[in-house]
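Database features (TrEMBL):
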- 12-50: repeat 'HEAT' (REPEAT)
- 166-204: repeat 'HEAT' (REPEAT)
- 205-243: repeat 'HEAT' (REPEAT)
- 244-282: repeat 'HEAT' (REPEAT)
- 283-320: repeat 'HEAT' (REPEAT)
- 359-397: repeat 'HEAT' (REPEAT)
- 438-476: repeat 'HEAT' (REPEAT)
- 477-515: repeat 'HEAT' (REPEAT)
- 516-545: repeat 'HEAT' (REPEAT)
Amino acid sequence: MAGADSDDSLYPIAVLIDELRNEDVQLRLNSIKKLSTIALALGVERTRTELLPFLTDTIYDEDEVLLALAEQLGNFTMLVGGPEYVHCLLPPLESLATVEETVVRDKAVESLRKISHEHSPVDLEVHFEPLVKRLASGDWFTSRTSACGLFSVCYPRVSSTVKAEIRQHFRTLCSDDTPMVRRAAASKLGEFAKVLELEYVKSDIISLFTALASDEQDSVRLLAVEAGVSIATLLPQEDLEALVMPTLRQAAEDKSWRVRYMVADKFSDLQKAVGPEITKNDLVPAFQNLLKDCEAEVRAAAANKVKEFCENLPEDSRETIIMTHILPCVKCPEVRLNIISNLDCVNEVIGIRQLSQSLLPAIVELAEDAKWRVRLAIIEYMPLLAGQLGVEFFDEKLNSLCMAWLVDHGSCYNVEAATCNLMKLVEKFGAEWAQNTIVPKVLGMANDPNYLHRMTTLFCINALSEVCGQEITTKHMLPVVFKMSNDQVANVRFNVAKSLQKIGPVLDSNCLQTEVKPVLEKLASDQDMDVKYFAQEAISVLSLA
């Protein structure tokens with residue numbers, strides 16, 4: 001009987017071995033995903049002595065199988081007997097951390113980082129730290145890149161002698177011959193700096209940061225920028241200017257736009273890390289340059305930081321800096337659009353009068369930009385601008401712009417947006433304002449020789465009727481629509497039918513029966529097929545048959 005029991009207990013591992021050797025990848029993948037069930041069936045001792053060695057020996061498989069294995073092993077601590085035996089998981093994960101496929105290596109490193117916390121300080125020095133050293137001095141660059149992600153998790157809990165060895169290994173990898181390794185080291189430099197004692201941040205990390213930030217590969221330099229921001233948060237204020245700022249200033253003017261982009265992207269974090277004085281002296285000129293950069297991507301990244309940058313400026317000099325340093329840079333469309341889109345925030349910071357004087361020329365210029373997308377963006381921001389600037393300022397400076405957009409030949413999207421924009425403005429300023437300011441100008445276009453402009457009148461009436469209400473629609477707009485039903489251009493006539501259908505719900509039933517119905521009936525017998533169709537549809541929808 002005892003023999004039969006032992007045969008039964010071998011069954012799960014035998015099945016696993018069969019499945020892991022099967023030619024079908026999906027079967028092998030399913031088998032790996034069931035590892036925890038198999039480990040439970042085997043018990044902790046046999047998992048340690050049979051299952052893990054078997055897995056370690058068979059790490060030659062498809063990437064998706066290895067990825068699943070790397071992930072599973074990160075959750076295996078209790079299945080091998082708890083933290084006391086967690087080091088048994090290191091051999092298979094070490095092998096996985098050296099494979100060619102990046103996602104598998106990254107997942108193995110993630111699992112190693114996870115289980116490192118479950119090692120006692122003694123086990124960390126006896127088992128984990130030697131693994132890190134083996135990876136760091138491996139022949140293949142794959143193992144050396146993996147090592148970079150493991151220094152910071154073991155450093156805080158080992159003895160000072162071992163700490164010195166870890167620092168030395170990290171230094172070596174920062175000057176590795178292979179760019180991929182230097183890139184991995186640069187990406188972990190900030191994280192490693194955070195666990196080091198301040199004296200070593202100053203003596204070791206700063207020199208590594210300086211070297212990586214002037215690496216021949218821009219992919220390394222841009223990662224060093226990110227590390228620089230983390231390092232800046234660790235240093236006392238008095239050391240920042242000498243130790244970090246020269247390198248970051250150099251990065252902001254790097255010959256590669258990717259590096260400058262990274263500086264722009266991290267600018268708010270950098271500003272918080274270095275504090276108000278360095279911001280005023282160092283970061284303001286750097287930010288100006290990024291806003292005026294020759295590459296659109298860099299300008300756009302800097303523009304995205306305008307709002308945060310302005311909010312985080314020291315209050316005593318905020319207004320001066322914005323007015324004299326930031327707004328004059330508002331030359332590029334991306335930057336101007338960003339300032340305008342954050343107008344409510346910037347307005348709170350410096351006040352609308354000064355802002356309008358600085359921005360108005362930019363708004364007018366953008367409104368006439370050659371690119372229709374830029375014009376469209378300004379149209380969409382106009383209701384926000386109007387709300388910030390107030391009705392008087394709007395009427396004086398921007399009203400004519402809004403009307404000009406209604407006849408934008410460059411894009412039908414812009415005409416549609418401009419019409420929608422008018423509706424939002426009426427919602428903001430009220431029907432009386434619309435009656436006095438907007439409606440007369442819109443209706444004036446009904447006599448335009450260009451039939452497209454006459455059609456725009458109809459589109460505007462469609463949009464405005466609802467927000468202006470019954471009285472203004474019936475009294476001022478409807479007579480113009482009726483008049484246009486005699487237009488010589490069929491496109492205008494069928495749009496009259498569509499307009500009457502659209503504004504019908506705003507009108508009272510008497511008006512619909514006595515005035516709208518006869519016009520639609522006349523259009524329903526038009527010679528043009530489209531005019532007929534839309535007139536009949538309007539009669540049906542408005543229940544006028």
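Each Cβ is built from the backbone N, Cα and C atoms, and glycine gets one as well.
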| task | Could you put numbers on the helix, strand and coil content of the repeat 'HEAT' (166-204), residue by residue per DSSP? | result | 33 helix, 0 strand, 6 coil
| Who are the chain neighbours of the repeat 'HEAT' (477-515) in space, where the CB to CB distance is under 8 Å and they lie at least 6 residues beyond its ends? | 439, 443, 446, 451, 454-455, 457-459, 461-462, 464-466, 468-470, 522-523, 526, 528, 530-531, 533-535, 537-538, 541-542, 544
| query | Do any residues of this chain, six or more beyond the ends of the repeat 'HEAT' (12-50), have a C-beta under 8 angstroms from a C-beta of it, and if so which? | reply | 58, 61-62, 64-65, 68-69, 72, 75-76, 79-81, 85, 88
| note | Secondary structure split (DSSP) over the repeat 'HEAT' (283-320) reads 29 helix, 0 strand, 9 coil
